[in-house]
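Trainee: The structure is given below, and queries will be raised subsequently.
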């Protein structure tokens, strides 16, 4: 079966599957009882095609706009009349006019309105202080310009799920059968006796429908909650003169938004100020080439990404007035890709469905043939009564019900149920799953490539050592400013403070409580705090010099640079970044007297030794440098990376997170290799890796540049031993992940936080983005967002992934056992005795036990620590393993023997005689069969272990399902006999049927002792 599944249903990948693969498996699933329900949690391919068409039209529109602008260069701008309602609200431009300017990239119209400042004025906002936050002002803005939300499909109500559950073809056929049964029965036997069989089927159908709908509705609520979490995106804005974080959904036209590398543009707007801004519009137009946004070309579109640089932006258009809003409304209907397990289980359901359909047809044929034979023997084959018609109808209902039981519609849906349950619980454990497939794939992970900063460490950084003017000093607030400054000349201190406060992506602002607040990445805030400790004044430094050029930090260059126009004339470039890279670009340094002197071998060695000393103490090292570049400089010109003067080296402490060492040890015992991939110095990386337990005596630590030089053959030998990669570029990380996945067939999880990590996150089987430090670009490329940036949370995700995988295996084992027994019992009985022991109503009840209730019980089992003591499944593991086949066949054989014995020798064994003997025997068979499933459900909690009761009371869902099953079984047997074709049983009969069911547990335990291969 596994090879058939892999060949026909194995083309769908955990991510980035082709549309052909998605379409192919759908076409193979032709035995489907309820397509609406079966394919609910699969991708809507037609909606995706629609979204692609919108992207193409956006691209064509862009070309058309550029052409029309060229044609309109000679036409004067037309005058604009402000609508009365807009003017009454205190604004002088309407939403449609703003939309036509930005979306149409209309420079002419922008000039007519006075440029960016003119638009800001007409929106009653300030480019420095932002909008007023008074409630009246905000309400008026919302009324005139709308809110920043796009139209979403309204959530389905409970009765929509009831209606969808009713779309089941087999249930509809049974409903028709029940109506005919009612008509014929009442005609033959009158009311109410003639209605019992028909009403029994109707009641069973309604019960199945409402239980199914309730389960589906609860799932939809869980996904709704998760969707809300996915949409929690915040941006930095200035309102009332203060920087603050707000949700993108609270943005209004007139807001001033601060964007940095990796951010998503949250609304349509205009560039106010900034540096080196490159925008990637591929999400909107499909065009990968980035666009340079400047004051001359100031248009920013919602949904695009900041690829490089930073800026201040004036929001002009929000929500459904933007192209992104219209695209998102379609994209959300496209849905998530189906997961490989969902597809595989659809394949299993199809195979068993075909077998079931075959058996149903044969069973019906045998039963009808038996009826004909009886009529022939009696010589009444030409006389057919209503009773004979009812008999034929009953046989047809049994055949249809065999299809109901045989087609395990619940298999693929159990995956969704288990994933929804796990995703909700993982949310509480600080992991937000963006794609369903990641949850199940993480259970197979064999390698985790983790960042160091913020994942293995706390990301709470402070400068604890510094080497300024060649002298190493401890840095601490308790030491005092004067003690540190005593050995630094005034000129050196001035250059140092200017370097810290101007060459930064951070900012020091006063908040609404008039308290100083340091904004920026942890590295930036550590340096800014150091500058404040030295007595520096951020605002004074920024106002003293004019910022001419900014080269933002990125993980490829591993440096950041700025160019200043000095007050006395001339330009100065500042640079900071990876110590050995910046030091290599320096040929001078400041000595203890503050004099600039040439670097000689002794001073170079002293600085290199300082870097190594800091790194060996597990400190992040940064080198600060500057150079004067004369009086002539153009902002478009690159700054040559040479001839710098070294100001000093700082050592930044970033402590290892508590619990990381234990988590790494858990991974090792679970067969998961943890590798550290960092941009930091190799000595810092090695020190932290040893502290975490990642770097062992047999492991290798390598630097990115050295890794890049290796041949394919060398990489093949080297990669299995690599435990630490330092000074790595995003391309190095991508190469490592690609080799691990393809050459070594590992299932790889990768963490990332920067924009440049997106390719590796995309390439990995599971991309894990950091929720705090991660950029929006990284989060969008990821499958799981680690909300607390903690490595221990990644281990929790792996544990939940394994739990999902094993829970679904348990459910499949349980359901296939019921399928096999129900099919064989009804088929063999029909062939050999001419009647089916389990009626339509009884089979519907069994179907509900094994389908919806079974999935609820087994697919929602919480994870336990033993899961992390198993080896990972990996890429080649069979889903239906030998262990499962052993358990299925062993348990099926036992149940079939018991049912067959009761059917052939039950009357004698229980001393049954009289007119009700057949009914009582069939009731006994039905009751024994159900209790076999109840105890088999308990046995299925563990596929290999004997003790199946461990932790059973911790899973309240399992206990509740089992209790309800037993309770309703008693009701059906004792009180619903006329509808369910049952007869009340005596206490000895109850005891025996329950005992026969219970006997399945020691049998299951004995079967587990039979050794089988692990495949």
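The count begins at 1 with the first shown residue.
The backbone N, Cα and C atoms fix where each Cβ goes, glycine too.
Bear in mind that TrEMBL entries carry predicted annotations, made automatically and left uncurated.
As listed in TrEMBL for this protein:
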- 112-186: domain 'Cation-transporting P-type ATPase N-terminal' (DOMAIN)
- 169-188: transmembrane segment (TRANSMEM)
- 194-214: transmembrane segment (TRANSMEM)
- 355-375: transmembrane segment (TRANSMEM)
- 395-422: transmembrane segment (TRANSMEM)
- 883-903: transmembrane segment (TRANSMEM)
- 919-936: transmembrane segment (TRANSMEM)
- 956-978: transmembrane segment (TRANSMEM)
- 990-1010: transmembrane segment (TRANSMEM)
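Tell me about the setting of these features in this model.
Mentor: Within its own chain, the transmembrane segment (883-903) has Cβ neighbours under 8 Å at 809, 812-813, 816-817, 820-821, 824-825, 828-829, 833, 837, 909, 921, 924-925, 928-929, 932, 936, 939-940, 943-944, 996, 999-1000, 1003-1004, 1007-1008, 1010, 1012, 1014, counting only residues six or more beyond its boundaries.
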Trainee: Using Cβ atoms only, state whether the transmembrane segment (990-1010) and the transmembrane segment (919-936) have three or more pairs under 8 Å that are 6 or more apart in sequence.
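Mentor: Contact criterion met.
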Trainee: Take the domain 'Cation-transporting P-type ATPase N-terminal' (112-186) and count its residues per DSSP category (helix H/G/I, strand E/B, coil), listing them in that order.
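Mentor: Going by DSSP assignments, the domain 'Cation-transporting P-type ATPase N-terminal' (112-186) contains 46 helix, 3 strand, 26 coil.
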Trainee: Report, as numbers and ranges, every residue of the chain located at least six residues beyond the transmembrane segment (919-936) whose Cβ falls under 8 Å of a Cβ in that stretch; write 'none' if there are none.
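Mentor: The answer is 814, 817-818, 821-822, 825, 837-839, 842, 845-846, 849-850, 891, 895, 898-899, 902-903, 906-907, 910, 912, 962, 965-966, 969, 973, 977, 981-983, 985, 989-990, 992-994, 996-998, 1000-1001, 1004.
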Trainee: Any idea what the model's mean pLDDT is for the domain 'Cation-transporting P-type ATPase N-terminal' (112-186)?
Mentor: 83
